[in-house]
Each structure stands twice: as structure tokens, then as C-alpha cells.
């Protein structure tokens, strides 16, 4: 069997659910981390410019924002590696499942790839043997995890629960900014509300962003409307919305990964009891 034909047969048996979930995971994490990082920076500038002139009032908030930004760096790195590992697991276990059902034989493709990788090693001497030994060590390390979907089911389930909390927390700043924007709309169109314009305020202390002794801590009336019209406020609001969408996409990808891994684990457990892959 030629290499092209082998690749075509391997693509037929590709784990499309894992491929879609991986793309969605990378897209969601990139959107959440990138937009979330910039939105936190914009929030810091808005607070120190309009809501408090005393640095001690928002010093704790800045420390929290910087801590979250460092967590974002780690989250992006972790999900990139874990998503790639889940994709590799999807290819491995899907091949094992389809071998049980007889859809295609992975050993044929394996032989073709092996011939391609190891071909011509005799002429390369010790260098070729060293490369083959390195590849064998990588395969040995991955083999401890790949082919064991039960491990990935447990880890992915725990990550899904944790990310569900992250998804819920990402909705909080969207809610705060939406309330502020709604208040600005009421100020811009006084006919829609019976309250006086001067009594319509956005109070950062009410949401726990600033301590209650912060001054002024809130912005009211036409001053608030001027803040809502700034490009900085609009950009930060939309960045938080984008981060929320990214968190939702990542949650969907984790659920897809978990369903696919659970299915593969069930098939291998129930129908492949006497088979080793």
C-alpha cells in the first residue's frame, strides 16, 4: 500500500469529533485568554481614571487583576498542550475502536508509516539509530497515556467542572458592564425612565470592585454618560463579551471531548475485553 493510499484510509478513520473539539478548544481558549487579558487591563484604567483618585482604594484590585493575568498565561499554555494530547488520544482510541468493528486495519497504515520513517536508516549509521531510539522513547512515554481513555475521561470531567465555574465567573463582568451601559441608555433617553438623571449612577463599590470607603466610588448623570461614550469603555465591554463567548466555546469543546472519550472507553471496555492495543 502506498503512502498516499494509507493516508487516505487514515483520514477516513479520523476522529472528527476530536478534531472539531480541538479546533473549538484552541479558538475558545485563545479568545478567552486574549480578550480577557486586555479587558482586565481596560478595567484597571477605567477604575483609576474615573472611580477613584486614591491608589490605596484600588491597590488590592490591581493585584487581583495582575494575578488573574498570570493565571491566563498558564491557562493558555495548559490547554494548548492538553488539547493536543486529547487529539492524539482521539486518533489512537478511534483507531482501536474501528479495528474492533473491522472498519479498517491500523496495522497496515502503521507498517506503511514505519517503512517511511525507518527507510534508509542502514545507510545513516549511528545517527539513524539514535533518531530511531529517540522516537521510540517518545512513543514509550505517550504509550503510558494513549490508549487509556478512562484516564482522560476523569481528567476531562474534572476540567469541565472547573471550567464551568470559570464560565460562570466570566459572566459577572459582562453583567456589570451591561448594567452600566443600560444606565447610560436611561440617561441618554430620559423619557424611558421616571428617575432624575442625577440619581442614575454606576457604583463600583456595590459590586465589590472598590471598598465602601473609596471616594468617589461612583459616577452619576452626564459624567457617567460621557464615560460610556468613550472608546475605552466600549472596547472593554466588547472584550468581556468576547471572553465570555470564548469560555462558552471552551466548555462545549470539553463536553465534546468527554463524550467522545467516554464512548471510546465504553466500546473498548465492553467489546474489546480480550484485545490489547
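Using N, Cα and C of the backbone, Cβ positions are placed for all residues, glycine too.
Both residue 39 and residue 179 carry the same topological domain label in Swiss-Prot, so the record keeps them on one side of the membrane. Residue counts of the topological domain 'Extracellular' (179-238) by helix, strand and coil are 36 helix, 7 strand, 17 coil (DSSP-based). Long-range contacts of the transmembrane segment (239-268) within the same chain: residues 15, 17-18, 20-22, 24-25, 27-33, 35-36, 38-39, 42, 79, 83, 86, 89-90, 93-94, 96-97, 100, 149-150, 152-153, 156-157, 159-160, 163-164, 166-167, 170-171, 173-174, 177, 277, each at least 6 residues beyond the stretch ends and with a Cβ under 8 Å from a Cβ of the stretch. If one looks beyond the transmembrane segment (11-36) by at least 6 residues along the same chain, the residues whose Cβ comes under 8 Å of a Cβ in the stretch are 68, 72-73, 75-76, 79-80, 83-84, 86-87, 89-91, 93-95, 98, 103-104, 106, 170, 239-240, 242-243, 245-254, 256-257, 259-260.
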